[in-house]
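Some notes on the structure that comes next.
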Amino acid sequence: MSDTSGTQPVRALLPVTGPRPKGVWARLMRRKLALFGLGLIVAVVAGAILAPWLTPYDPNEQRFEGLTLTGAPLPPNADFLLGTDLLGRDLLTRILYGARTSLIIGVVANGIALVIGTVIGVTAGYFRGFYGAVLMRFTDLMMAFPALLLAICLAAIFQPSLWIVAMVIAIVNWVQTARVLYTETTSLAEREFIAAEKTLGAGHARILIRHILPHLVPTIIVWGTLGISTTVLLEATLSFLGIGVQPPTPSWGNIIFENQTYFQAAPWLVFFPGAAILILALSFNLLGDALRDVLDPTQRGRD
Amino acid sequence: MAAYLIRRLMVSVLILLGVSFITFFLLYALPADPVRQIAGRSATAQTVENIRQQLGLDQPLLVQYWRYLTGLVQGDLGRSYLQRTEVGTLIAARLPASLLLMAGAIGCELVLGLTMGVIAALRRGTATDQTLMIASFVGVSAPQFVVGLLLLYVFAVQLGWFPIGGYGTWAHLVLPSVTLGIMGSGWYSRMMRSSMVDVLRADYIRTARAKGLARRRVILRHALPNAILPVIAMIGIDIGIFMGGIVVVESVFGWPGIGQLAWQAIQRVDIPIIMGVTLVSACAIVIGNLLADLVTPLIDPRIKLR
């Protein structure tokens, strides 16, 4: 925040037109869709954390009364609010615990992807030359990979566990971030204040961390938020294909995978976990989009 | 232009070479042994060894890769381990179905996405605009396999309007196309809206209105063609996104395209097929991106290709 004092006199010189620009948070809070998204995220996180207290059942407990006499799953009813699955397990409980899987993968995989993308994009954009060219050609190469096919192959190579799935998604998903940050860094690196820092004798590490990175924080936040949505969808897809998170660990994708053969008779087994995936992906998309509008000055006033 | 094209093509070849290299080594790092798969469980060690030699799998990896590459430049993608058919033939037989599916998806994206985008832009700031943009977010956030299963349940199982799966008639094409295209529709409607909003603000639109043209004519003749072009340029990029989506959509609908071919091959560790489909997909992505870049300066002459 030490920068603010430096810019204050400049701002005083500018003609005052309209109200003072408010903080990012205040502007974000004015957007209903962003609030809606944030609310949904908070609800999902709360559901995942409080799962043991929200439901009387265990996610892997196969209950005798959870099946009809002929062994069919129960539709939503008073005891099992969202019905039961093919093994007589409570669907709501599995969805609540499945939220943990989605959130852990969403945060971890996306976090790793952001770190890889930032390191590659920023260093390639700052150093340019041979090093930058090699990194960016590698990024181009990764973009030519059919991402889902690559993820499927990787998931098939390593025996899928929660952490392996997170790694696989990270390996596939860092590319976009790297490209965006590369472009921003190349234009930043040519600005006067970077040249001034160099003249003053600052080392590369200091320039990158103290001067380039802070300028990229808004972009990183936006891509980080939108990326969680992509990650959640990719995890669900891999688990749906049976090569993501493995049962009995509940994941929204593998709940559908386990029950899809039965979906004509028991559509709730696809509908509710599907709705959960949609809600989580939607909420991060809404929040990320609003953040982009709020954080990116060139987008201001377009809506 | 010609120099640009040549350079881009050369880079594309290098990229494809890189993709083939990485895929090749990834696939051979698979823990599952393809020879065991082919020979079956009861095979003796001798048979397994024979098959391994026959396929050249006893050679060092780099030698195998070199063989693959020399085949590749002659248009030979190798033979399937399990079906003994040429991979090229297999892919060629499946490709039309996948292309048809993608064409259907592009149609869905254009019709749904552009219509939503234009209406939202014209009704900017109203409840209609808000609703359409929320709908576009829902489209972007919906997992394809869920959309596919739900469409199947509602329109095939309950209403019986479309067949449950398979391939052959136009009716078979509808649900898979919508499933594959719904995500793109969301993106297109957002791009179309912002493009249209920008164009409607332009001076030439004000001029057209000022000289007394009807609103309808201004929108259809002056605004729409200009707003639509940058969005159309995105179709190339779409191809890359489709290449992932078809694996899921084809498996949900039993659509006999290359996505299903790849998915079956992955389950059976039929490496030559996986290699082949990955390379064909990578080709499609590279060509799609190239097309998108080539179209851009035609649409906006201010952009020069370097």
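Yeah, the Cβs are placed from backbone N, Cα and C, and that goes for glycine too.
Keep in mind that TrEMBL annotations are predicted by a computer and have not been checked by a curator.
Source: prediction; values computed, not measured.
Annotated features, as they stand in TrEMBL:
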type	residues	note
TRANSMEM	A:33-54	transmembrane segment
DOMAIN	A:99-288	domain 'ABC transmembrane type-1'
TRANSMEM	A:103-126	transmembrane segment
TRANSMEM	A:138-157	transmembrane segment
TRANSMEM	A:220-245	transmembrane segment
TRANSMEM	A:265-287	transmembrane segment
Query = With the transmembrane segment (A:265-287) as the reference, which stretch in A:33-54, A:103-126, A:138-157, A:220-245 has the largest tally of C-beta pairs below 8 Å?
reply = A:33-54
Message = For the transmembrane segment (A:103-126), I need the partner stretch with the highest count of C-beta pairs below 8 angstroms, choosing only from A:33-54, A:138-157, A:220-245.
response = A:220-245
Message = Is it the case that the transmembrane segment (A:138-157) and the transmembrane segment (A:33-54) touch, counting contact as three or more CB pairs under 8 Å in which the residues of each pair are 6 or more positions apart?
response = no
